[in-house]
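The structure under discussion appears below in the form of structure tokens.
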Amino acid sequence: MLKSSLVVDESGKPGVDGHSGRRFVLLIVYIDVWHASGTDGSSGSSGSSGRSGGNGQRGANGMNGGNGGKGTNGSHGTNGTSGQHAKNIKVTIEGLDHKSIVVKGSANETLCLDDGSVRALVFLANGGDGGHGGNGGRGGDGGNGGHGGTGGHGGRGHNGPRGCSGGHGGDGGDGGNGGDGGDGGNGANGGNGGNGGSIIIETHNPSLLKFIHTEYRSGKKGKGGHEGSGGYNGSSGSGGSGGSPGSGGSPGPGASGQSLHCGHSGTHGRGGQSGSSGNLGRCGVEGQDGQDGNEGTIQFTVFDPVTNQVLDQGSSVFDLVVNSFQLTAVEDDGVFEPGEAVFISNVKVTNQGGMILPIGSVISFPTSLGQQSFVSSGAFYILQQALHPGETFIIPFQFFGTISDTPEPQPSLLGHYKSIMPIQSLATLLTSPFETFLKNDYTIQYPVQLESIIAPPQLGRTERGIITLNFRNISQINYGCNDKTHLKFSLVFDPRFIVHNEPNLNGVNGVEEDIPMIPPGMTFSRSFQVEINDLAQFFEIVPFKASLFLRGKKIENAESIIRLTPNFTPIANPSLNPFDVLFFTDRHIQRPEFLCYVKIFEGLGLSINIWDIERYGSASFIRGTTNRHPISWVNGGFEGKMIILPMLNQGDDQHLGASDILQLLRGPNWRDDHTHATNGSLLFVGSVDEAKFKSRLFSPVMEKEIPESELKEMFLLNSPNDGHLAKRVNDYIQKNCLKKAQSRIFVSHNVKYNPQKSGALSKTTLGTAFYKELPLTVSDNLFFVPSMSGNSQNFLIIDAQDNLNSNQFIVNSNFGRLFYSVMISLPLEKKLKLLRQPTEWLKNLTFVDETGKIVSYVSSIILSLNYCMFMEIIYKEEIGRYTNIILKDFESNISEYKNNPHCQVIAESLYFVITKLRKDLKWKGMLLSKIKDNKQSFSKFCKPFQKTLFSLLDPAQIDLLKKETKEKIKNITTKQSFAVNLNFIQRPLIDDYHHTLENQLTKNVFDSASKALSKNFKFASEEVTKAGAEFLNY
């Protein structure tokens, strides 16, 4: 079998890398000593110690330490060898085509190449790369100097009538010098690269050159070796220590009264001197790089098959490139659409090679795959003329094909159809493809589109709206006027729509119509007047669907929805507003979510009025303006009512103007310093940036100036700065504002540091400053129910429990959190009425608390009453605000409470609450007048209230209750008796000062009032804080 490829390789072999110097150890027999690193010098021996002296004699000197040996030099690396030169190649290639090729010369072979072969004949004449030089060896380390010997010990003196002196200690020996490090070896030179060879290829058939691949590059130079590093120097030996002195002799026995003495001790010997360190070894020299070889040569020669004369010659063969082409629809309207017949024309080709392109090259555009396919007809064009280098030719031929068709879109597939179709050129010679090709992408779409559907996002009951379909012709010809461009649309309405003035309405509440002619670039619009009928319920989404047809084929679907929203009921007489709740809705409130809210409102017996933000465009003002709505809820008597706003997006609290919020909670005259709370409430569902919210509330409040006398300070040893001014402002608000009204909220404003001094010993006026006082208290019912997402979308329907069909809820579920928040926000009178006269829904309502205990509706109301009493205990301004109403309600309606099925639970729970709060009031600093008033007022309430509660129980129940309550309070823990707390809501008005004040009661560690005023007070802080108290869940 004949070969299908050939490789002729006459490349030079690469050079060999030189050896690097290597280190060796003296204990091992080593080979190749010429390339070794230097050996380390041996360390000097230590000197021996001197001998001790005889009696009274001097000790001998210690011996000097020996010097360290010098490290040997590292050996040099060896040079890399040069790469070999390539050999020359010369061949002739003959044959009629690629199926029978004969190669003669440097190689002799007959081949049969496969169709589509590329680079089947390979000729290599590359120069060999030079070897890299070896690295120099590292120099050996110098040996360390030996330590000097220790001097001998002096001899002991002779004994005698007077003891003789001891001998002196000998001197210590000197330390030896450290040896020098050996020099590093030199790096060796790299070898030279070999030269590329000469390749000569000759033929009588130039087409065969398409299969040839040649290489004749020069060999790369070898890199020089790195120099060896010098050895480390040896360290010096330390000097020996001097010998110790001998002791004096002892005195002999003497006559009576004779004074005898011991002999004197000798002196210490001198210590020896340390030796010097050796020198570092020197680094070797880096080797030099070799030289690159010379590049080889290539020559292709084509001979005339008859005369054998040279027809063409060059160093590179021909290369056919498709430069450009044009795609056109057979029926051209400027748009390529699915299923359309197209053709490719104006194909421009160029010979970008170095020799003449022979005749016979084939140009085609095969079927391509992509989002949309080009289906080729299989046409191709054969070049019947040769192209010289750089010559361009435009093919006088059209390549026909078809854009693949698409099925009709499924009903769920909406929007315009749009895809991409790739088309790629192919040029071959003797079936071998040229490497360069041209690929163009084309947008495939339909010439007419359903551009838009314009419809009101919502409609009220009996309200009519206009639905408009807009069709656009994006092509360059008219559409809709004949069979080839026929257009029609269908519009199907939900049965809950009423379509007015439409005689063409069919039996399925739909319309199907032909579309008249649409000129190029123009649109056609068709409008319908609709109304939502009585089959739809409020906040249901009512859909309608449209389809566009071209030549009888559906090409596009679209759909839209309209939400049915209730109309706001205007309040004719604000003083007689009959509604309990103003409920703000937006486009995210759909029927299931709405029913969950209504379940709470109706279950509590609350009547609601609804304001849809999408319908009316914002809440306080028409969206994007400062204009009020023609019919507005503002000034509609909603002061004292409950306002609930579930936020579509976090930050939608801005729909309510700051002045409107203040009016809701403090009345129309909220700017008056003596206004009282309206007992209304404002509840947002979703999270809030408390700092931004509070800052917005302060915006309409008038500023008040801080007297200049409060901003003065004496400075004798230091200079004033803006921090001193901030402290003076802080002190003023604490001592003059919060001292009078602890529950109020203050903030500094317009503080300007501008120190002025009138005399050397006078006080410095630090600047000017103002403050603002919010006409609200932290006890006012302004809450946020936070969510994980920050908004209220699907807030109630995402609960795991069935909120619509169940009457038992988890306290920490979204439904449970919202219910407790609504209960806390209700006016006190409403809570008490629900306690004694629960609705039918409340009677059957139960909750599962976080301990797993099932509790009734009573727990939520007791929690709310506990919160009210707690606020009254903490803040002096609130004294009597809640307890007077509670006491009066129980005394006036005692019979109703007695007949309540939960009478015992109510009495026992409230007794526990007031007993626990009275115990908590026994805090440190109780004698301060500020706190004393709170205690006295609450005690005054508790006595008659306790008597009223006991009237609901028989004597045996009272005795048991007192005993159990005393034991419960004694052993109380937060988890056992206060499972429900206010952590499920945000109180945006509370700041660190109020937070600390409230926590002191629950921790039973109340500090003095002055300390409470200063501790953690940050009057400008907007930090998110939790409510201070935890409440009873009985």
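Every residue gets a Cβ built from N, Cα and C, even glycine.
Since this is a predicted model, take the numbers as computed values, not measurements.
The feature compositional bias 'Low complexity' is assigned by TrEMBL to 39-49. The compositional bias 'Gly residues' annotation in TrEMBL covers 50-74, 227-255, 266-275. The domain 'DUF7932' feature in TrEMBL is assigned to 320-446. As annotated by TrEMBL, region 'Disordered' applies to 39-84, 129-191, 218-291.
According to DSSP, the secondary structure content of the region 'Disordered' (39-84) in residues is 0 helix, 0 strand, 46 coil. Residues in the region 'Disordered' (129-191) partition by DSSP class (helix H, G, I; strand E, B; coil) as 0 helix, 1 strand, 62 coil. Mean model confidence of the domain 'DUF7932' (320-446) amounts to 95 (pLDDT, 0 to 100 scale). The residues of the region 'Disordered' (218-291), classed with DSSP into helix (H, G, I), strand (E, B) and coil, number 0 helix, 1 strand, 73 coil.
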